[in-house]
C-alpha cells in the first residue's frame with residue numbers, strides 16, 4: 001500500500017509493507033541504534049544496493065537526542081566522506097528519525113534522506129511530515145528544521161519485536177490524531193483486541209490498518225500546513241503538557257507516547273473546567289488510554305514552575321500559551337486566551 005504526501009515541493013510516498021530492493025547510485029549512510037541494528041539490520045542490508053554503505057549507531061532515548069549526539073553523528077558522516085549525492089537512512093524509532101532528518105538537513109546544507117521506522121510511534125507520527133530536531137536544557141525539539149524525506153517505508157514486520165510498552169506508546173499518538181480529527185477512529189480503536197495487540201501476537205494486518213489510517217490522516221494535514229502555522233498545530237494535542245513532563249523527568253521516566261497520554265488527560269481536564277468538553281468524552285479518552293495500559297496521571301510538585309515551563313513551548317506567542325483542545329472529540333482547536341488563574345487551577349488538580 002502507498003500513501004502520497006502531496007506537497008507543493010518535495011512530495012513523496014509512504015510505502016506500507018512494500019520494502020523491496022532499494023538501489024542507490026551513491027553512498028548510503030544508515031543511522032540506527034544498537035538494539036535495532038541487532039534485530040533488523042541484516043534484513044535491511046539484504047535489500048540495499050549502493051556504491052558504499054556506512055553504518056552508524058548511537059544510543060537511543062530522548063535523553064540522548066541532543067547536540068552532543070548530533071555532533072557525533074555529523075563527525076561519522078564526515079569521516080565517511082559523504083557528498084551531496086549521498087543518502088542518509090534513518091532506521092529506528094522517533095528519536096533516530098528526528099536526529100537523522102536533522103543531520104541530513106544540515107550536512108553540507110542538505111542531503112537526501114529516507115525514513116524506515118521500526119516503532120509504531122514512528123510509523124504513525126514521527127517518520128512522516130518532515131519535523132526534525134533535538135532537545136536541549138530549555139525543552140524538547142527546540143532546535144531543528146522542517147526537512148522532508150524522499151520516501152518512508154513502514155514495515156509492520158519490524159513491529160513484532162516491540163515490547164508491550166513500546167506498542168502502547170505508539171497507540172497514544174494514534175489516539176491523539178483521532179481525538180483531533182476523526183472520532184470514528186476512536187470507535188475503531190475501541191474495537192481492537194488489546195490483549196493480542198499489546199503482546200504483538202496479532203496478524204500484521206492490524207498494524208497495517210493502524211499505520212495506513214494514521215498516515216492518510218496526517219498526510220492530509222501536512223499537505224495543508226507543512227510548516228505548522230495553523231492546522232498542523234492540532235497534532236500537538238497533549239504535547240504542551242507532555243513536553244514539560246518529559247523535561248522535568250529528564251526524559252527517563254516516560255516514553256514519549258506515555259507522556260502524551262498524560263498530556264491528553266491534562267488537556268481534557270482543562271477543556272472540561274472551561275466548559276468546552278463534557279465529562280463523558282473526557283472519560284472516554286481515559287478509558288481508551290487505560291485499555292492500552294497507558295498512564296493517565298502525573299504528580300506536579302511545583303505548579304508555578306510547571307506553568308512557567310509552558311512558555312518554552314513552540315506554540316506559545318506574545319506571552320500567551322496556545323493550548324490544543326478537543327471540543328468535542330474529533331474536532332480539535334487552539335485556544336490562546338485562557339487566563340493564568342484557569343490554567344493554574346487545572347494544574348493544581350494534578351498535585
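Quick reminder: no glycine exception, Cβ is built from N, Cα and C everywhere.
Summarising the annotation, Swiss-Prot assigns NAD(+) binding site to 60-65, 94-98, 118-119, 131, 140, 158-161 and lists sequence analysis as the type of evidence.
Residues annotated as Zn(2+) binding site in Swiss-Prot, with sequence analysis given as evidence: 173, 239, 256. Around the Cβ of residue 173 (Zn(2+) binding site), 26 further Cβ atoms fall within 10 Å across all displayed protein chains.
Here residue 119 (NAD(+) binding site) comes close to 92, 93, 94, 159, 162, 166, 169, 170: these same-chain residues lie at least six apart in sequence, with C-beta atoms under 8 angstroms from its C-beta.
A straight line from the CA of residue 239 (Zn(2+) binding site) to the CA of residue 63 (NAD(+) binding site) spans 17 Å. Each residue contributes its Cα atom, and for residue 158 (NAD(+) binding site) and residue 173 (Zn(2+) binding site) those atoms are 18 Å apart. Annotated pair residue 256 (Zn(2+) binding site) and residue 63 (NAD(+) binding site), C-alpha to C-alpha distance, rounded: 11 Å.
For residue 63 (NAD(+) binding site), other Cβ atoms within 10 Å of its Cβ number 15. Counted over every protein chain shown, other Cβ atoms within 10 Å are most numerous around 97 among the binding-site residues 97, 161.
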